[in-house]
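**Student:** Next up is a structure, given as structure tokens.
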């Protein structure tokens, strides 16, 4: 299969590199229908939009054509060109990712020729845009004079450019088809290689499964028992460690509570001492005043009792 692939690529590249002699073209009136472009890939559809837009410009009347060429046609063709080349590049990169391992020399040659075909297509589209821009400049230069000669020259140039564009687009299409075939073949080889590598592993897995199935129920039960016992012992150890950790935390809390109780007791005693130091002098002073008052009352009563008998005599 690999030999057929290499032969196909070499044959196609040799045919694409052959010199193509330009054929004389029949005179075609401006605006006459010319073949469209069809394809299913995104880049082919983008090129078809460029092709259809250029054909639509060709079918316009002279006055409308001149007005459009002076404003929007060049810009819209530029957008369509960029879109086409972007899709071509994306499709080529996608194929390069899918391309399997082939001969290094053949792969490099295919890639080089494909890039050259892509560059020729871009050059053809750029020539179309440049020719339309030149026609617009020449129309503006004649300042209202007859433009029949200019339109004739434009039609002749566009016929040649259309033919070259179609030829290079078909060339690129063929090369991408070859590239695509190589990518599919590479994918198939990759799947086969993976299958070959997985085969021994699958056989080994089936053999291991058979070995496990042949073990006695007692051996498997013993294995599960050992595993379960180890798990229970592990859980018991974890539980003991957790309980020890809780006990240590409770001891720390109790020590902190006792420490805080001692601090509160010391603070209460200090506060009591401060209260005593505040009120003790006041109490002593009140006691002295009370003793003096009692003494004065007693003295007054004694004086009153001695003076009363004297008055009776």
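Backbone N, Cα and C atoms are what each Cβ position is placed from, and that goes for glycine too.
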**Student:** Taking 2-53, 262-313 as the choices, which stretch does Swiss-Prot tie to region 'Homooligomerization'?
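**Tutor:** Spelled out, Swiss-Prot records region 'Homooligomerization' over residues 262-313, not the other listed ranges.
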**Student:** What residue among the binding-site residues 163, 225, 227, 229, 231 has the most other CB atoms lying within 10 A of its CB?
**Tutor:** 163
**Student:** If you pair up every Cα among 161, 162, 163, 164, 225, 226, 227, 228, 229, 230, 231, 232, the residues annotated as binding heparin, what's the maximum separation in angstrom, rounded to an integer?
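**Tutor:** About 86 Å separates the two most distant Cα atoms.
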**Student:** Give me the DSSP three-state residue breakdown of the region 'Specificity for association with VLDL' (274-286), ordered helix, strand, coil.
**Tutor:** 13 helix, 0 strand, 0 coil
**Student:** What's the number of neighbouring CB atoms sitting within 10 A of the CB on residue 161 (heparin binding site)?
**Tutor:** 19
**Student:** Check the region 'Lipid-binding and lipoprotein association' (209-286) for me and report the mean pLDDT.
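**Tutor:** In the predicted model, the region 'Lipid-binding and lipoprotein association' (209-286) has a mean pLDDT of 78.
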**Student:** What does DSSP say about residue 163 (heparin binding site): helix, strand or coil?
**Tutor:** helix
**Student:** Could you give the number of helix, strand and coil residues in the region 'Homooligomerization' (262-313) as assigned by DSSP?
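**Tutor:** Tallied per class, the region 'Homooligomerization' (262-313) gives 51 helix, 0 strand, 1 coil.
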